[in-house]
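Below is one structure; the comments refer to it alone.
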């Protein structure tokens with residue numbers, strides 16, 4: 001993994017190389033199909049060996065990467081060092097590209113561009129029928145190996161296994177040389193798919209973050225659903241604190257805030273109901289008082305009429321009694337009988353006088 005990180009750090013920084021890496025697409029290369037005879041011959045070859053005859057097959061030989069630098073002493077005359085005990089092929093046949101440390105040292109100047117050229121040639125010599133893989137499967141295996149190998153290491157062995165299956169048995173060399181070649185190839189592939197891997201990595205972490213947030217939200221929902229609204233309102237503070245032991249502070253604060261909101265809402269509804277009830281009571285009392293006022297007005301009118309009648313009768317009686325009393329005073333009274341004797345005559349004369 002340290003070799004992979006080292007190769008990823010040695011990527012070219014020139015604008016031309018970066019533009020070439022970004023424009024590189026593996027899907028534009030087609031896979032060459034070999035006849036069944038070549039496939040059977042390929043299966044008869046021992047793993048890890050190289051063919052020294054002109055009848056080389058895709059499983060036994062791969063094209064060498066074009067070199068931008070002078071070959072190092074560790075490289076063969078055919079253009080690449082042999083891997084795992086192999087030698088350079090006769091007649092200028094190219095050797096495997098990742099034979100050993102010498103090959104890596106010989107191409108240390110432009111490792112990314114050389115590996116990209118080698119990958120373009122390697123796609124033409126791969127036999128998909130022997131591996132039962134399609135170009136899409138190969139690209140997916142490379143993408144999965146580049147992303148998970150750089151960020152997760154040994155936690156994803158499936159991607160590494162898919163990458164090994166994509167390489168094929170004829171490409172396998174020595175232990176140390178094969179590891180170095182894999183690191184070199186992975187560095188070039190990481191440069192070719194840097195943008196896609198970064199985008200996939202961003203979505204991967206976003207997915208994990210969303211999953212964690214969803215889990216926390218589910219825990220909060222379970223805590224809030226543990227108590228109904230009626231229980232939260234009717235429960236005492238001491239009982240609620242006893243029930244909330246063992247939960248986080250944020251969850252407790254959220255639940256208490258919900259309880260406070262419910263209590264305030266209930267108090268507001270109670271006040272609103274009381275106001276409405278009092279308004280209805282006052283309106284009914286107002287209607288009763290207004291009806292009583294109308295009845296009192298009618299009673300006042302009736303009493304006023306009765307008063308006027310009694311007053312008129314009194315005036316009539318008073319007017320009739322005044323003239324009768326004045327005429328009665330002028331009526332002659334009856335004379336008293338005359339008295340005998342001289343005193344009687346004198347009294348009568350005094351009476352008339």
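Sequential numbering from 1, following the chain as shown.
Just so it is clear, glycine is given a Cβ too, placed from its N, Cα and C backbone atoms.
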Of the residues 32, 258, 263, the one that Swiss-Prot lists under SUMO2 cross-link:
32
Swiss-Prot annotation (region 'Disordered') - matching range among 120-158, 315-353:
315-353
Averaging the per-residue pLDDT over the region 'Leucine-zipper' (282-303), what integer do you get?
96
Could you give me the DSSP helix, strand and coil counts for the region 'Leucine-zipper' (282-303)?
22 helix, 0 strand, 0 coil
